[in-house]
Amino acid sequence: MKKPVVLRGQNLSLQFASRQVLKQIDVAFCAGEVVALLGPNGAGKSSLLKLLSGEITSSQSIEYFGKAAKSWRSAALSRHLGLLPQSSSLTFPFLAREVVELGAIPLALSQAEVKAIAEKYMAITDVVHLADSLYPALSGGEKQRLHFARVLTQLDQSGDKKILMLDEPTSALDLAHQHNTLRVAKQFAKEQNACVIVVLHDLNLAAQYADRMVILHRGEIVVDASPEEALTPEIIDAVYGYKALIGRHPTLDFPLVQPAA
């Protein structure tokens, strides 16, 4: 059964000064899938995510759940679309649990309900033990996990219309929490029929957790396919200038990118 398209962008272009960041991108994302946006530094991954999320405003054609982006009120869309940025500039001395509870602002819930939902996602992202810590005193990875819990809280009451966007969510995390974050994202997609779009640099992490890979290079999509189809020595060489061999994980059976020499 074909999955419904919940987010579509057509002919998306973006230019900063004289630099063409994105060039006529056509892309669609479905419910229940994890899509990794990949590519070298400067390929346009984060810019595409910001354009799709509305963080960068545009008059170009973007649709959420079949409805033009410009037709959505911000408050209504925030119940269905959550964005985890690469970093946060929050400096106010909130307690960690208060940061997570900020995700419930768009929701009409009692304080007890907000607390219960926030605690659920704090447990999932392994930050319960930080609940009464001051946010500014936390490490970068701890802050990132808190904000992940906040975004999951934001989407808790959105029914079957959920889009979760993660911009390099593993960049500040240790090995165990990198895998836990992507495991939670994949579980969120499958169990809640959510569309999950994640910007990553690690091809092997993407191969393990993503259903699709959209690989960009110089502002254009080079390939949009499954990990098995996208990860070839030829594509990796053309995009990254890196000679690679493709193997298989011995127990989990996903493609592994390895150095050719």
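Even glycines carry a Cβ here, placed using N, Cα and C.
The following features are taken from Swiss-Prot:
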- G39, P40, N41, G42, A43, G44, K45, S46: ATP binding site (BINDING)
- 7-243: domain 'ABC transporter' (DOMAIN)
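All chains included, 24 other C-beta atoms sit within 10 angstroms of the C-beta of G39 (ATP binding site). Listed in chain order, the residues near the ATP site other than G39, P40, N41, G42, A43, G44, K45, S46 are S47, L216, H217, each with its Cβ within 8 Å of the site Cβ centroid. Summarising the environment of K45 (ATP binding site), the number of other Cβ atoms within 10 Å of its Cβ, over all protein chains shown, is 24. The sparsest Cβ neighbourhood within 10 Å, among the listed binding-site residues (N41, S46), is found at N41.
Each of the binding-site residues P40, G42, G44 was scored by the number of other CB atoms within 10 Å of its CB, and the largest score is that of G44.
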